């Protein structure tokens, strides 16, 4: 257990100064470099930035980003990460909400942002080498101070800034390092962009444990040939990603324990881990443990977890997301907010020390989604779930991915789950097509098919529908199936359902 994220990372630098903290395609940076650089940047930020204001940091998957994050934390500032692969309007949308006094350009901004101080890379590099280091951590982020603010999509198209405090992060990190059996000096893959809170799952637990982050930038992950050549060379102990990214890796027949002898932990979050994917990982990596976790950004990365064993795969066609972390209470409630009985579906309510104080500069949305229970913060997740008597939780989809077709209420993720179990299908996502009255006219599935001998897509579709019909009610079977080589992914590595919805409704 640690009591402060910043001092825990500094302690590693004091005790293991030459240990590698970050490895970017073979270029290595030590804990001593991380401490010295972040201390000097903290001194620079303390002089040049208004006190306690959150600061946008624009950049990619690099050591400089981590150094800047830590420098801001040490000087009392929350950071707002924006990834270089974000659309340009994302920068202005975030700034319109956050009103930050400064933007730090770790990578060059693609657009001009008026009326804000821009700290450019040459200035940063000079400061990290020449500026006097901060003299103490007395102004560092601590307690309920915001540590980072990550922006998520809002239903109105205006993003919401989720404020995560030092104490929120501390609660998460302590659970991660104690419950998942990660060892000191762990070598972890660092693939999710920093603007996605899944990146926190590898970033801070690894640094606190004195481990090494192996960066996997988008340029590598976008090219399968490069990706498959790079992954085995990383010497990973820990894999952190969405299930979709692991499914890409599983396309490579060499992705197995023989070629990854040190890989002992798979940690998944961000979307549903399907039974088929878990089974394939367990088969290919008999020495590794596959952990399924769940948590909205608003509750700091993840609040439930479970090791997926062969018994669990055999017992549950749809896998559990696990049990609440020890300091957190999770309830399943009906539309009136009353707790439902075990096995009954309802909305997940999360209460505990890793729940955010709310959305930055958005009291209206904060009041709708968050509440207090005594001294603890609570969050209405918008996720549907069931819970067993002993507290094991099963995710059942989003309240906002429910559609009504011919009067039947259908969970799109339920259709996806069953389609993904069909023997001819590698991956699928189901979307509604609306009529001119904005009512759902039909369900359309986009699918990546496994190699097959069908003479036409029509014959394949008939076989898929026949198999699916044994698993779901007739009204849940998509009217059309469109086959693709791959499904579009969001910048965060999740299937881009919104893009598919737009495609069938243009």
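Glycine is treated like the rest: Cβ placed from N, Cα and C.
Values in this document were obtained by computation on a predicted structure and should not be read as measured data.
What TrEMBL says about this protein:
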- 152, 153, 292, 293, 294, 295, 296, 297, 383, 395, 396, 397, 398, 494: ATP binding site (BINDING)
- 197, 301, 494: D-alanine binding site (BINDING)
- 10-360: domain 'AMP-dependent synthetase/ligase' (DOMAIN)
- 416-494: domain 'AMP-binding enzyme C-terminal' (DOMAIN)
(request) Please state how far apart, in Å and to a whole number, the two most distant Cα atoms are among 197, 301, 494, the recorded D-alanine-binding residues. (result) 15
(request) State the count of C-beta atoms found within 10 angstroms of the C-beta of residue 398 (ATP binding site), not counting that atom itself. (result) 16
(message) I'd like the per-state residue tally for the domain 'AMP-binding enzyme C-terminal' (416-494) from DSSP, helix first, then strand, then coil.
(response) 19 helix, 25 strand, 35 coil
(request) Rank the binding-site residues 152, 292 by the number of other Cβ atoms within 10 Å of each Cβ and report the first-ranked residue. (result) 292
(message) Spatial neighbours of residue 294 (ATP binding site) among the binding-site residues 197, 301, 494, defined as Cα within 10 A: which are they?
(response) 301
(message) Centre the Cβ atoms of 197, 301, 494, go out 8 Å, and tell me which other residues of that chain have a Cβ in range of the D-alanine site.
(response) 192, 196, 198, 199, 200, 201, 269, 270, 295, 297, 492
(request) Using a 10 angstroms cut-off on Cβ to Cβ distances, just flag whichever of 197, 383 is the loneliest among these binding-site residues. (result) 383
(message) Going by Cα-Cα distance, which of the binding-site residues (152, 383, 396, 398) sits nearest to residue 301 (D-alanine binding site)?
(response) 152
(message) Return the count of C-beta atoms lying within 10 angstroms of the C-beta of residue 494 (D-alanine binding site), excluding that atom itself.
(response) 18
(request) For residue 294 (ATP binding site), just count the other CB atoms lying within 10 A of its CB, please. (result) 30
(message) Through the lens of DSSP with three states only, how would you label residue 296 (ATP binding site)?
(response) coil
(request) Measure from the Cβ of residue 296 (ATP binding site) and count the other Cβ atoms within 10 Å, all protein chains considered. (result) 22
(message) What does the structure give for the C-alpha distance between residue 197 (D-alanine binding site) and residue 296 (ATP binding site)? Integer Å is fine.
(response) 9
